[in-house]
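Contents: one structure, followed by commentary.
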Amino acid sequence: MGFQGDEEFGNNNLPFNNNLPSKSIFRYNSPLVQVTLIGLVCFCCPGMFNALSGMGGGGQVDPTAANNANTALYTTFAVFGILGGGIYNILGPRLTLVAGCSTYILYAGSFLYYNHYQHQAFAIAAGAILGIGAGLLWAGEGAIMTSYPPPNRKGTYISLFWSVFNMGGVIGGLIPFILNYHRSEAASVNDGTYIGFMCFMTFGTLLSLAILPPSKVVRDDGTVCTHIKYSKVSTEAIEIMKMFLNWKMLLIVPAAWASNFFYSYQFNNVNAAHFNLRTRGLNNVFYWGAQMLGSVGIGYILDFSFQSRRTRGFVGIGIVGLLGTAIWGGGLANQLKYSYDDLPPKLDFKDSGSDFAGPFVLYFSYGLLDAMFQSLVYWVIGALADDSEILSRYVGFYKGVQSAGAAVAWQIDSHKVPMLSQLIVNWSLTTVSYPLLFVLVMLAVQDDHNDKERIANNLADPVSAKDTNKPV
């Protein structure tokens with residue numbers, strides 16, 4: 001068994017499939033269909049998880065159980081995020097994704113149990129197991145999203161994935177909003193909310209079986225995504241260790257650490273602090289909807305704004321940096337109005353009038369920035385290589401560091417570190433990331449004129465392209 005097929009090699013040492021069945025971008029083995037499928041898988045699993053987390057406290061009045069479960073989750077996620085790329089290279093996408101997706105069902109079920117028995121041990125254990133599964137899922141997702149698309153359209157495919165994925169958060173936000181609409185004074189969500197999440201997660205687990213291995217995915221120019229066979233444990237162990245000495249990965253560390261660090265602050269200290277239960281569900285519809293808008297906007301800039309790929313990267317970093325400064329500045333102005341010792345009154349979207357508008361727009365803006373920031377980082381990672389084997393390790397490293405930061409963040413919130421301090425740390429981490437990403441793009445990202453030449457040559461004369469570019 002292996003990631004292999006009847007391909008030979010084209011330019012850039014990319015495998016070339018001479019049996020391209022159709023020019024249609026909608027064929028089953030096209031990058032577009034496969035990236036859409038992984039987006040739908042993430043729509044059903046982490047998308048619903050995001051909706052559950054976004055309500056603050058996992059939908060409970062007391063966020064302690066959810067905070068502790070999230071700490072356990074991101075602790076194991078930090079380990080298996082880093083290992084996930086290697087596991088993906090050994091098992092392939094289907095086994096990796098099915099194993100990862102199934103753990104989301106258990107996590108949602110643990111809060112259904114908590115709704116009745118108020119015992120947090122199950123939720124914490126389920127969180128730890130979910131961390132293992134999430135590490136596998138996101139390593140596989142990252143490899144697919146960054147390696148399957150054509151090199152000059154990675155921003156577009158990343159925005160496509162991010163939009164489909166975050167539609168899960170939108171639908172997931174509607175579930176608690178609708179089911180708890182007439183419970184304006186309710187503290188915890190009802191059982192139907194958790195059951196609805198579990199149904200979506202089960203479907204996503206089954207859908208992951210439809211993902212093809214990279215050797216079976218054929219781009220429009222005839223190249224396939226990798227020529228590797230399934231890897232070995234010893235090979236992956238060595239390659240994963242090398243990640244910690246890779247200067248490119250070290251430059252990504254602050255961005256990775258920051259990219260999930262702000263969730264505990266935004267979910268618990270903005271959404272849950274300002275709004276009642278049903279309004280929190282409605283807010284999440286717009287929070288994750290804003291992510292769809294943000295990903296499409298930054299995806300267009302990173303693929304189409306300038307001819308030079310490096311210039312597009314610089315412009316993308318500049319735009320996200322300026323927007324991030326403005327949004328976190330607005331967050332600071334809002335945060336100065338309240339604290340743990342002086343919490344604001346709960347706002348309702350129907351009853352609070354104009355008082356609702358300011359915190360709502362801020363929360364919406366946080367969602368917009370999140371998608372733009374993470375899509376930018378994924379684009380940079382995708383620009384460092386084209387091969388699924390390499391990119392699965394890069395994304396695994398990114399997700400591992402990201403999850404380590406999140407584990408720390410949830411405990412910071414659990415220990416009631418002042419909200420203002422949390423905001424300042426979040427703002428500082430994202431700000432430090434921008435110049436380091438700029439340096440990485442400047443030193444490691446190449447302009448994509450070679451990619452265009454490769455595609456043109458393969459389309460014009462695929463036989464010649466194969467014969468003259470076989471590896472020696």
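Just so you know, glycine gets a Cβ as well, placed from its N, Cα and C.
Note that TrEMBL annotation is computational and uncurated.
These come from TrEMBL:
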type     : residues : note
TRANSMEM : 32-52    : transmembrane segment
TRANSMEM : 72-90    : transmembrane segment
TRANSMEM : 97-114   : transmembrane segment
TRANSMEM : 120-139  : transmembrane segment
TRANSMEM : 160-181  : transmembrane segment
TRANSMEM : 193-212  : transmembrane segment
TRANSMEM : 245-265  : transmembrane segment
TRANSMEM : 285-302  : transmembrane segment
TRANSMEM : 314-336  : transmembrane segment
TRANSMEM : 356-381  : transmembrane segment
TRANSMEM : 393-412  : transmembrane segment
TRANSMEM : 424-445  : transmembrane segment
Per the definition of 3+ C-beta pairs under 8 A with sequence separation of 6 or more, do the transmembrane segment (285-302) and the transmembrane segment (160-181) touch?
yes
Which listed range (97-114, 356-381, 424-445) shows the maximal number of Cβ pairs under 8 Å with respect to the transmembrane segment (160-181)?
356-381
Using Cβ atoms and a strict cutoff of less than 8 Å, what residues sit near the transmembrane segment (424-445) while being 6 or more residues removed from its termini?
248, 251-252, 254-255, 257-258, 261-262, 265, 309-310, 313-314, 317, 320-321, 324-325, 328, 331-332, 373, 376-377, 380, 383-384, 405
Of the listed stretches (72-90, 97-114, 120-139, 245-265, 356-381), which one yields the highest count of Cβ-Cβ distances below 8 Å with the transmembrane segment (193-212)?
97-114
Decide whether the stretches the transmembrane segment (393-412) and the transmembrane segment (32-52) have at least 3 CB pairs under 8 angstroms, with pairs required to be 6 or more apart in sequence.
no
Among 32-52, 120-139, 245-265, 356-381, stretch most in contact with the transmembrane segment (97-114) (C-beta, under 8 angstroms):
120-139
Which stretch, 32-52, 120-139, 356-381, tops the Cβ pairs under 8 Å count with the transmembrane segment (245-265)?
356-381
By Cβ distance under 8 Å, which residues at least 6 away from the ends of the transmembrane segment (32-52) in the same chain are close to it?
25-26, 58-59, 97, 100-101, 104, 107-108, 111, 130, 134, 137-138, 140-141, 144-145, 148-149, 157, 160-169, 171-173, 175-176, 194, 197, 200-201, 203-205, 207-208, 210-212, 217, 284, 288
